[in-house]
Structures are given as C-alpha cells and as structure tokens.
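Student: I am attaching a structure below and will ask some questions about it afterwards.
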Amino acid sequence: MSSPLSKPQIITHIQKSLNYTVFDSKWIPCSAKFVCLGNFPSGTGVIQIYEVHQGEAQLIKEVEKPKAIKCGTFGATSLQQRHIATGDFDGNLNIWNLETPDVPVYAVKAHKEIVNSIDGVGGLGIGDGAPEIVTGSRDGTVKVWDPRQKDSPVANMEPMEGETKRDCWTVAFGHAFNDQDRCVCAGYDNGDIKLFDLRNMSLRWETNIKNGVCCVEFDRKDINMNKLVATSLEGKFHVFDMRTQHPTKGFASVSEKAHKSTIWQVRHLPQNRDIFMTTGGAGNLHLWKYEYPAQRCKKDSDGVDVGVAGSVNLLQNVTLSTQPIASLDWSPDKQGLCVCSGFDQSVRVLIVTKLNIV
Amino acid sequence: MSEDAVFSLQSHSTTVDYRGKVPVEHLDYDYIEKCKDVRYLEKILRILRSGEEGIYPHLIKFCESHLEKLDPKSRALRKAMPVATAASLSKDEWSQIADELKRWQEETKKTETTLKHQSVFDDLVKENMPPVRGSNCFVPLSQKTVLQERKKPSKCALPRDYREWDKFDVEKECQKIEEDVEKTDPPAIINSGHPKIKTQVDTSLLSQQEKLFLANREKDKGNEAFRAKDYEEAVTYYSRSLSIITTVAAYNNRAQAEIKLEHWHNALKDCLSVLELEPGNLKALLRRAVVYNHMGNFHMATEDLRTVLREEPQNTAATQLLSQIEKKTEECQQEKQCKGKKILIQEIEEADNQTDGDNKAHKTACLVQPSQPVGGEERSATPVERGDMGNAHKKPHGRGDGGPHAESNNSHHEHRRNRGGSSDKYKVPHDSKEKVANGSSKRGSTASVQGDQSGSGKATPVGGNAGETVNLDAPCGALPPPLARLKNEGNLLFKNGQFADALEKYSQAIQGYTDSGIDSPEDLCILYSNRAACYLKDGNSQDCIQDCTSALELQPFSLKPLLRRAMAYESLERYRKAYVDYKTVLQIDVSVQAAHDSVNRITRLLIEQDGPEWREKLPEIPLVPLSAQQHRREEPPSAEILQARAEKAARDAERKAEVRFSALKQEGNDFVKKSQYQDALEKYTECLKLKPEECAIYTNRALCYLKLERFAEAKQDCDAALKLEPTNKKAFYRRAMANKGLKDYLACSSDLQEVLQQDPNVQEAEKELEEVTKLLRQSLASPSPNKPRKTVPITEVEDDENVTAVPNSKNSCKGEDISINLQPTSAYEFGQSLNAARSSGNTVACAELLASTAPEMLPQFLSTQLDGHTISFIMQALHSHLLEKDPYLVYQHLNHLHTADRFSVVLMLLEKDERHHMTQLFEHLSAVQSTQFTKNDVQNLANKYI
C-alpha cells in the first residue's frame, strides 16, 4: 500500500448519542439534513430530523409514531416534495411529508409482518418512469407500490402455495434506464438472490450465496444494470457484473471476505459507482473500489457470451464501534459525506476524503 | 484483525508446510528478506503479530514492509484502523475540509429554500409521468416450481384440478411457450442497450434547480461509463446532460468520449461548442488538437497545441503530441509527393469514420436483439414461428409416451371428421378452408357415424375412467344428469391429457343437448368452449375456431372461447383475426397477460407484413359493452354486487380511456416523428375527444396543422392550449409560426417576444423574430402611401380563415351580430365575441360588447390574446360608437386597456394609421367636457399610449 496519506481517510465529523434504537438514517436530498428512523424502548416508532450545522447535528423535528420504523427511502419522491417512504414493524408502508409529518400522505398495510427493507425509484430524477417503491418483508413477499395507486401493489412477488416462505431481508431497484425497463433484486435469509424483471413480470435470474443475504444494491438504479453487490451474514460480499447474463451460468461475480462478522449494508458512492462502503457487524467500515477487467465479456467453450468479473480493492477500513453499523447513507449532494447509525444508539456523520482521486 | 480468518482460508497449499509451525529460525531478518513466498510470509507475520514467540515490533514492521513490496494487496496487510478524527489530519487539511463543508451547507440552504418556493410545478411534472403499472401482477418466486409443474404431467396422469385448469389454461400455456423457446436456444443476454436510452430528457417543466441537479447527475453517469470504458454509453449520458443544460464540462467530456470512439467529426463539433462557450478552454484546445491530428490537419493541430503550451508550458500531453506531429510533418516533407498522399490518408480516415459509424449502428442494433429476452419474437421468418407455435400446441401431447400419442392422433382424425358432420347439423357457418379439407361427400357418411356414436354414448357411458375418484355425476348447470356426466367425463379425460377422448365426450354432450331441447345457452357455450380447448390441444385450429365461434354466438364476449379462438387464429397465421380477438379479450379483462404478450407479438408481425398502415387492414374490433363481464357470469346477481360491478366497470372504462388516450398520443407522436402529419392529426383529434383538457395535445396538433400549412386551425389550437396553460412556450411559438403563415407578422412577432420573455435561450424564436421583423418592415414600408387599402387585404385573408375556422364567426358574418355573445363571462367567451365582431368588421357589436364589459375586467378578458389589430379595432369601436354616448366609459376602458398583458409590446408594433386613429381618439376625448375626468387625466393617459 502506498503512503497512508494518499488514501481516502474516513473521519468522524459528528457523533450523536440517541435515546432510542436507530435502524435507518437517510440524507434529505438537496439539504444538509438527515432523518433517523427507529424505535423507543417502549416500542413506539420515531422519526427525527437533524441538520448539520457548524460541526453539530441539531435536532429540528421529532415525531413519535405508534409502530417502530425499520427502514425508509427518498427514492420515489420528487425533489420538490421530498417525501420519505417508511416501512414499519407492523408491515405498514407510509409516505410522510416531513414538513407536516403528523399524518401520512400515503398509507397502506403492505405486509403481514415487519417490512425489512424498502427502496424507491423514479423520483429525484433518478431513473425514468413511474415513481415506485418496493418493500420486502418477513412474510416472504416482495411488493412494488405506486404512490398514485391506493391500497394495492402494482406487482407482487410471493412464493407459490406450498413453497416455504423465506424471510426477505433486502430489496433494491435497478435497471431503470428508460420508462419501461426496471428490475427488482431481492435477498432472502436462506441465501437466495432473485432478480425480477418488472417489464416482463418474470423472474429473470436467481442464485444462492449460501448465507443469508443482508443487503443488495445496484451500483446505480438508473442505468442499464451494471453491477450488483450482495452482502452476506458471514462476512462475505459478492459483486456481480450484470452486463452479461449467460444462459446457464448467469452473471459473473467476484466475492471477497472482508469482515469477520455480518456485513449489514453496502452503499455505493452516488458520485462514483465503482466505490462502495460496507458496514460490518463489529462496528467497522470498509471502503472498496471495483476494478473492471480488461474485457468485460468473453466467449465460453460453446461460443456463448459470458461475463468476466473484475476485482475489488480495499481503500480503507476503520472501526467505529463495537456494535453493528446497521445503516449508512451517502449524501447525494456532497461527495464524501455520509451518515451512519449503529446499534450503539448513536448516529455519526462521517467525511471520507480524497474520493475524487482514487 | 481479519487476517486470521483470511489466513486459515488460504493455508491449504502443499508446497510449503503452511500448516505446521514456523521454525523459530525463520523469524529472522535475513530469512524474511530472502523469502519470496507471499503466503509463507503472511504466516510468519501472523506468528509475529500473535506474540507466540515474543514481541518484536521492529521485525513485524520489517516483515510488513517486505510483504508489501512483494504483494501490496495482501490481505494480511489489512489493518483495522481506528476511525480518524479532525485531530488526525494536519491543520491545513482539516480547515480546507471544514471550509468546504461550511460552504456546502450554506449553498444547500439556499437551494433548499428556492426549491421550496417552486412547488407550483408539482402537478405539471406529474403529467409527463408514465401511467401506473397496469395490473397487480403476480410474479412467481422461482423458476424451479414452474419447471416441476411442467414435468409432472409426464409422470402421472393427474396434473391439475379441472377448475384450476379452467382458470389458468391459456395464460400458462402462453408462458410455457415462451419458456420453451427460451430454453431451447437461450442466448446470453447482454445488457448494453444504450440505444434504448433516450438521448433527450424532457425537462420543460422542471425548475432551474432541478435541471442543474439532473444535468450533473447525467454527466456523472457519463463519467462513470467513461471510466468503465463504455464510451458509447458515456456519449449517450453526456448528450442527455447537454439536452438539459449545456455545460462546458459535458461538451468537453463528450468530445473525449467521441475521440475514444474515433468519431472525429462529432468530437470536433463538441470542441468547437466548448470554445464558443469558453474561448480559451485548454482541454478543448488539446482535444481539438488530437482530433485535427487524426484528421490529418497537422497545421491546425500544431496551432492549438502551441496555444495550450503558451498557457501551460508543463502540459506533458501537449508536448508529446506536438513532438509527434512535428515528426510526422517532417516525414511528410521529406517525401515530395506527400501532399497528395496526405489528402488521401485523410480521406480514408474520413471514410473509415463513416463505416465505423455504420458498423457501430449495426453493432448496437445487434446488441439490442439479444437483450430482449422475450423469446420467439425476433424471428423474421414466419414459417419458423409457425412451426414453433404448432409444437407448442402439441406440447401436452408429447408428454405422453409414443403409444398413446399415435393412438390419439388416429382418433383425432376420426373426430375431425365427426366434427365436420356435427357442425353441419348445428348450422354453424363453415370456413372455406374447412370445406376443402373435408370433402362434402365424406361429411355425409361421417354424420351418420357420429349419430350412432352419440346414441350409444348416451345410453351407456363408456368409461375406463369411470371408476376414478372424481364424482362424475356431479350436477353441471342446467344439464340433465346424463349430459352432466358426459361433460364431467370429458373434463376428466382432458385433465388426463386424453384430448381425443375428451373431445368425443363433449361432442356427445353437445349432441345430446340439442336432442333433449333444453334451453341453457350457458352450458352449451361451456361445452363448445371445452371442445374447442380439446381441438386446440390437438392442433386442430380450424375446428377450434369453429367451436369458439359457436360458443361466442351463444354467449358473446366470453373470455375463454375468445382467447382460444385467438390462439387458434394465431397458429393458423391469420394474425389480423387473432389480433382482433386478443384485443377484444383485453377489452373484457385487461389483466390477461398472455393476451398482452400476444398482441405485442402480433403487432410486430403485422407491421412487418403490412407496413405502417397495418391498422387499416384490420377487421373492426368489436366494442365490448360494459356489461359483458356481468353477462359472462351467473344471471341473478344481488343488487349490491351489481352496483359494485357497475363501479368496477366504470373504473375500468376510465382506466381504459386513460390507456387509450396515452396510446393514441403515443401513436400520434410516432406519426409526427415519421412526418405523417395527417395521420398524427387524426390521432390527436381522437385524443382530444377523450380528454379535451390536455394542453400538450393541442400544441402537438398545432404542430401538425403547421406542417400541413393549415395555419388558421393551428392558431386555434394554440389559443386553446394557451387558455389551458397561459404560459405555454410551445403554444406561443407555434402560434407565432401560424401567424407568420397567415401573414399576420405583427401578432407573430408579439408571440415570439412572449416566448423570448419566458425563455431567452430559445434560439429559433430569436431567429424567427429577426426574420419576421424584417417581413413586417417590408409589409409596412412598401405600400406606404395607400397603406390602409393595402393592409386591409392582409387582414381580410386572416379574417377569412378565421371564418372557416370558427363556426361562430361564420354566422356572425352572414347575419350581422346574430351569434355574438354580448355578455361574456370568461376570457374565452370575450375572445370569441371579439373575434366574431372583428372578423365581420362589426364595430357596433364591439362597442356593445365593450359597453357591457366592466372596464376593470378588460385586461383580464384580453389575457394574452392582445394584438395590434385588436387594439385598433377596439379603438375604432370606442371612437365611432361609444365616445358620444359615454365618454367616461371610453376613458375608463382606455385607462384599463394599457394594463393588459403584452400591451407595451403590441403598442410598439402598431401601424401608422392605427396610431393615427389613436391620437384622434385621444384628441376627441380630451375635447369632451366631463365632470368625471379632466383634460389632464386624458393627457396623462395619452402619454401612456403615444
């Protein structure tokens, strides 16, 4: 490794202890504010809005909700509205206007059990096409919602009768590069990763990575799908090259064992799709860079195209705490700024330097 | 920290004893220095770090540095660092970061506040969004289950319950067909379909803030694609970014990507754009030099490079390139004939470029194909397709063993003949092909056979399967027990895959049904439909179609027979009829995915077959009554259900209208793209019938009218659009073009000015404005002395057209002020009345109109419709009719008129005699003695006008 100073540094800018368990934290787009979602010890849910101001996080707003809130996304809202969509422990999907967060602007009982993961697309100018939200739940179903349609999902991915229901831990949108194409990727507790094509309403691809899939994310939602990162329970993560799908072998992938504990989350840098951060169960953060191979595609022995995976380089790794870091969100506006929250009941604003020169 | 785990994973090799203990003597500077085995070194490092043999910090460091030399990426070197804080950075560095952060915070605060103020646009943005995804689609979680299901029937004879089959049959069959195709020859799917990405982004309704955000984002995407060496994709994204906002950076980057793609001309264009925006841009100069170099224009390249080096003497890229070029030119000069050669080279390169481009286009086109995973549709040769379809239909057959297969084929033949006979009896209209297939003489003989069989079948229900667990005597609708039994037997046989036998049962049931004289069309319909399914499975599409037709005669708009008939038609390659049937199915139930898929497939085939006018060759698609769904089901539904259904139907109709609207609009847009304006016009007109409040359609239709040179109608559409959206730029621009076509240059220029006022960046508008002002000047200048007479014809031309356009005004033209609405309540009505009056030159009517209009409402009523003619017309009316009666009203009107929109613009463009009128009016007004206003007031007002 070259001299440590030329590497990106991860710096804690702000650390704030909270009096509740925080499950998710998200930057509000086009602002210096972020939202924390979680639950109070009493079991009720909470939404807090903080503003970064002169090296401090100032609490601007706090709302208590009857159910603990697990996850949230701004992916399906316009820049002007900036409504957050949340999933809670009771299986509800709500969309809140953060200016008036008392009553949801959209509410639906989405699942029978906890909503584990949520993602949105079509808003913020990210991805063409309709605004849509996808939720994955413990009840084994993955549902796609359109905020313009009340009560029922626009697509429903659930096990057939007789199939065992797996706990869906994570969902992600991708491939939304025009207004028809769109994919949803879902990861399950048994290691299944399934890729649903929403244009054809079919299962496009599936694989199993042997360990529970904690988080999946496309490097970009709004491009022709390029890469997919899936993290697993036992500390490995897989990077799939999504450009070439072989009829039998599927997508080429590279895996890396990084953490000694569960990798809770992976988030790609909004300003550079080849850099991503993984958060570990032992409170550590790993910053990675994906290097493309010389040729991304080759012919196999039968003359069929097959993808070639690249390699991953560790750029930096730091330990923040002893508890798992459950969520991380890069600021969409300021390169290198990110907020992360862990089970040590604290939220941190981090600065990652020199991202533009790696 | 993680090295232990990593290590244990790695230590399985055999060459060195990685598992055993590391001898103590190996923990030594000399040994470590000489050791070239990375893995062994890693092991040593682990031992050292563990402290088993004592702690030697320096040796550890030495070992680490040595390992780093051998393998800088070794996992053993990964150390979990504590997170850095502000203190761990140098002061300068931190202050820089902190400053940046602070600046960012301030900036975002500003952008956030501006964002908050722009929420007016919200609804407009939504208009452009695609509609909500059609249906609550169920997507199975695994492919395996589908596969298993398909395998099951071949193993055991009981695949599914009949009712289930009843529900899913057609869709699943279709899915299977597609899967079959995919399975047989699955190509690798390559996701590099950048041609599918639009290069334009519609941002007409976005605020500046959002545009900036979007443009940056698209540029970032371009940068990423560039880094991944996807240059074509990068170009697409840069183009998208530029279509939102033109920036130097995006142009520059696109130039670089074009250089990588060796599209020299495009690259040159981009460089020039940059240099236009920012004359001294070094990057652009450098890139232009590269392009010139490749195009063989060494002289220009050197010049550019010199400029770069003057600005930045250390630029290595520039110096290198310069020396390269100098070498090249020297070589050229050494050879005397080099001049000619040089040109030759250049030409070749250019030609190369073109072919290159073509190749690219071709290549990309090829790439799209595999990336569309829907199988079977890419086939250009229809026979292949047909073969496929046939296979697919026979698929369930093939599941059985060889024996039964042949058998069923035999029986199938018989039954076809039988069918011919029986259908004769029922007087079902025969298809001509069918007649050819079954000679009429044959028919006579088989008819009797059929009669015999049915007779025996009815008396003693033959059933090897009679002992099955299924209750065969279950009652079936209004059918008497023997017939019900026959039907159930048929169902059972069908489930078991014995389609021929099932067919026989159904035929018997149908026969018995007519003999017994029951009146229950529903049951007969089901029987026909079921028999049709058997025919379909047997691949006997002709008979299938016939049975479906019979069923549909009994029960129009029943879903299943329609679907089956559609499939049969499709397999017979009668795509038009199939298309109509599928469309009908979709009208009944939009959620039938199989129908959607097939419609898409057939549309493509038909376009291939018939060209763009394929729609005209289609037979008429029957309109399904809203009650069709109710009709299909039980007859006596409760009132509540009825109501619920009616609501659902209404909702469906609404949604259908919505879908139809967007489809029409899309078609219209497509026609426009193909320059088929007349067709587009029709589509848009239909759109407007569905939704008369859609501004975009009006502007689009206006465009078509413009292209067809029907200016008056174009103007009307623009007016309508502006009524809906008073600030629509496009409408203003198009109205300007219409006015130009109508030779109303005054109105044209004022419209153009309006456009420029809204968005000064519209270059077309600027150009047009220049041109129009010139035209305007000409039209004003040439007939200077007897202008009034000359200008009258011009206005008359316009008036004439107006007359044809607005039916209202036609009336008013003939019979004075018959239809002029003198009590306007809205801007629209006022505009209509005023137009009507103006077109007939009826100043009396205008005066009355003005008299009945409150002066303070005048500007509002005129809204953006004001033009020079209107003003002078109003002046005339005021002058000749109102001035004597009510001077105060005239004063008030004048007092308000100048507050109207665009007044100042229009005023500037007034013609001389119109100005003259105005001065006269003011002179007379000031001469009037009044208590309500003084001469001074009039003078002040006149100043605003003259």
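Backbone N, Cα and C atoms are what each Cβ position is placed from, and that goes for glycine too.
Reproduced below are the annotations present in TrEMBL:
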- B:282-315: repeat 'TPR' (REPEAT)
- B:353-466: region 'Disordered' (REGION)
- B:376-388: compositional bias 'Basic and acidic residues' (COMPBIAS)
- B:422-436: compositional bias 'Basic and acidic residues' (COMPBIAS)
- B:438-457: compositional bias 'Polar residues' (COMPBIAS)
- B:661-694: repeat 'TPR' (REPEAT)
- B:695-728: repeat 'TPR' (REPEAT)
- B:823-915: domain 'RNA-polymerase II-associated protein 3-like C-terminal' (DOMAIN)
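Are these features on the surface or tucked inside, and what are their neighbours?
Tutor: For the repeat 'TPR' (B:282-315), the DSSP counts in helix, strand and coil order read 28 helix, 0 strand, 6 coil.
Taken residue by residue, the repeat 'TPR' (B:661-694) breaks down under DSSP into 27 helix, 0 strand, 7 coil.
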Student: Mind tallying the repeat 'TPR' (B:695-728) by DSSP state, helix then strand then coil?
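Tutor: For the repeat 'TPR' (B:695-728), the helix, strand and coil counts are 27 helix, 0 strand, 7 coil.
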Student: Under DSSP, the domain 'RNA-polymerase II-associated protein 3-like C-terminal' (B:823-915) has how many residues in helix, strand and coil?
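Tutor: The counts are 70 helix, 0 strand, 23 coil.
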Student: Residue list, the repeat 'TPR' (B:661-694) vs rest of chain: Cβ under 8 Å, 6 or more residues beyond ends.
Tutor: 131, 612, 700-701, 703-705, 707-708, 724
Student: Mean pLDDT across the repeat 'TPR' (B:661-694), rounded to an integer, is what?
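Tutor: Mean pLDDT for the repeat 'TPR' (B:661-694): 79.
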